[in-house]
Every structure is written in C-alpha cells, then in structure tokens.
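Worksheet: one structure, shown below.
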Amino acid sequence: MERREFVASLVAGGCAGMCVDLTLFPLDTIKTRLQSPQGFYQAGGFRGIYAGVPSAAVGSFPNAAAFFVTYECTKSLLGAGGALSPPHVAPVTHMLAASLGEIVACLVRVPTEVVKQRTQACPSSTTYHMLLATLRDEGVRGLYRGFGSTVLREIPFSLVQFPLWEYLKTLWSWRQGHTLYSWQAAVCGAFAGAVAAFVTTPLDVAKTRIMLAKAGSTTASGNIPLVLYDVWRSRGLSGLFAGSVPRMTFISLGGFIFLGTYEKVRSSLLQRL
C-alpha cells in the first residue's frame, strides 16, 4: 500500500467512525439497556440517553482508523499476487481482511466499549467514575473483559457485511457502467449492515451480558455458549434477539454513514495527496 493510500484510509476510517458513533449514540444506549440483565427500565430506560458518550468519542476515531488501515493493507497484500489474487476469490480476500481488521480494532474498541456500556446501564454514574471503578475493582484486565466475545461477534459480522458490501458495489457498478458515487456505496453498506446485524444479534447479547456481569460471576468468565443458554432458558428466542431492531437500525444507518463517509473522504484525500 502506498503512503497516500495509508494516510487516506487512516483519516477516512477515523472520520467515518466518529460520525457514526456520535450521531447514532442514543440508539446504541437503547440497545444496550434492552440487552442488560436488569431489563430496559431498571437500566435507565430513556433517561440519560447520552450516558457513556465520552468513552465512545475517545475511542471511535482510533478504533475505526485501525480497522480500515488493517483492512485496506490486508486487501492490498492478498490481492498483490498468489492464490487469492484472482477476482473470483475476492470474497475470501475481503473476509480475511475484515476479520484481521476487527481483531486489531478490538484492541482499541473493547476498553471503550466496556466503560461505555457500563455507564449506559448505570446512568447515575459518569464515564470517568466508571473507568476508575473498573480499574480499581478489576485492573486493566477488567477493561478487556469480553474481548473474546467481542471478537467472536465482530468476525462473523464482518464475514457477512464486507463481502456483501463489496459484492453489491461491484454488481451496481457493473450494471450502471461506471464507479459508484459515495451515496450508492453508502446504500450498499446500509443493506449489508442490516443483514449482518440481525444474524449476529445473539452474539451481541452475549457480549453485552459478559461486559455488564458482576466481577467473579459465572457470566463474567466469558463462556459464550453458557451465556447464550442462560438467556435462552430465561427469556427464550426473544431474549437472544433482544435489541435486534435498534441494533439493525443503528448498524443500517451506521453502515450508510460509516461506509459512505469512508468512501467520500478517502476518494477526496486520494485526489489531493
């Protein structure tokens, strides 16, 4: 990857992440409270809908930037030659690039997500106090509680979203005979995001439960199958898909803003650099 492509991916990814996280934060809060063990209203209901937003603001730029730099670099390396360079295996390249991107991004995302979700589920506290409480009770390790479940949620999500996004862009571009406009890439991103969001909602429920669980509890240990079984036993299928509507709405709108902004900013930077 050339230096100008690296810089363009870094800046565009960071800008896209901030646009989504700050614009759609209330939907994320609602989703978290619907999935919390104590229930929606006990977790705050519609009060303090921006609780935890400082954590999202701090983490959104480096998180998204890390993902897209890794994604674009991996695509470039895998597509440069060898078994994964032919067009017919492009989906495999996109899957591998997106999976690696998610693993790298989670190193930034998980600590901010832990603090954000705990603040969302306890709006009487502040982001700063929740961060101090987590470090005091569990140390730095506590900030990475749910890392495995987050990665196991994000990789299947990316395996669905990004190959579908790239395929829809290619199909639409081929049908109209020229490269897509930014808004068209955004529409493809919205559709791909909604599909991926619904399919992976149970994993998101497990991730939320693990992050919100009391330290030392069985749920806090991060055993995803056990957490999903407990949710199934206590709340049935509706529990496994709790928060699916705001999650799909968030990610569909987020995909439109995120991928559309990324395409627009990246293409603009590449023309100027």
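From the backbone N, Cα and C atoms, a Cβ is placed for every residue, glycine too.
Going by TrEMBL, these are the annotated features:
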REPEAT    4-77  repeat 'Solcar'
TRANSMEM  6-27  transmembrane segment
REPEAT    89-171  repeat 'Solcar'
REPEAT    180-268  repeat 'Solcar'
TRANSMEM  180-199  transmembrane segment
TRANSMEM  240-262  transmembrane segment
Seminar exercise, completed: Outside the transmembrane segment (180-199), at least 6 residues beyond either end, the same-chain residues with a Cβ under 8 Å of its Cβ set are 156-158, 160-162, 164-165, 168-169, 172-173, 241, 244, 247-248, 250-261, 263-264, 267
Exercise. Can you tell me how the residues of the repeat 'Solcar' (89-171) break down into helix, strand and coil by DSSP?
Worked result: 73 helix, 0 strand, 10 coil
Problem set entry | Number of helical, extended and coil residues in the repeat 'Solcar' (180-268), per DSSP | 75 helix, 0 strand, 14 coil
